[in-house]
Amino acid sequence: MPTILILNGPNLNLLGLREPHIYGESTLEDVEKMCHELGKQHNISVKTFQSNHEGQLIDCIHEARNKVDLIVINPAGYTHTSIAIRDALLGVSIPFIEVHISNVHAREKWRNHSYFSDKALACIVGLGAFGYEVAIQHAVRNLFPKLTS
């Protein structure tokens, strides 16, 4: 059974509360529940982790080595600043999909740069919490088709 790690960065624990006009009304718990349910439907194990601390995110990535087949990451504010998280992802050689709830390209100019996009299998932006579902569906159809049918 394939395993996907859903990794969420800083302030995503405030989903549903923080700027709902930008990030929507779904909570992190709602997003994680949806990911677990979708995983069950497709015979995929889903693990979730959120932290506001860069080192904890890096430790989680390191611990995923040889245990996880795909990482779906919303690096949040670290998108534009964390070479360390990028290096951790590249160091463990786990493919990853970058997800952003808002359309970062339609926001402040400094949000346009990502340290992850050039190495990601795919980048999903601006679809709200549905972006996580799209990432899992992409994995089902393109990465794990024989393992999930």
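Using the three backbone atoms N, Cα and C, a Cβ is placed for every residue, glycine included.
Pulled from Swiss-Prot, these are the features on record:
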type: ACT_SITE; residues: Tyr23; note: active site, proton acceptor
type: ACT_SITE; residues: His100; note: active site, proton donor
type: BINDING; residues: Asn74, His80, Asp87, Ile101, Ser102, Arg111; note: substrate binding site
type: SITE; residues: Arg18; note: site 'Transition state stabilizer'
Spatially speaking, which of the recorded positions Arg18, Tyr23, His100 is closest to Asn74 (substrate binding site)? Use C-alpha to C-alpha, please. His100
Can you tell me how far the Cα of Arg18 (site 'Transition state stabilizer') sits from the Cα of Ile101 (substrate binding site), in Å? 12
Mapped DSSP class for Tyr23 (active site, proton acceptor), helix or strand or coil: helix
What three-state secondary structure does DSSP assign to Asp87 (substrate binding site)? helix
Are there residues of the same chain, six or more positions away from His100 (active site, proton donor), whose CB falls under 8 angstroms from its CB, and which are they? Asn74, Thr79, Cys123, Ile124, Val125, Gly126, Gly131
Pick out which of the binding-site residues Asn74, Ser102 has the most other Cβ atoms within 10 Å of its own Cβ. Asn74
Out of these recorded positions, Arg18, His80, which one has the fewest other C-beta atoms within 10 Å of its own C-beta? Arg18
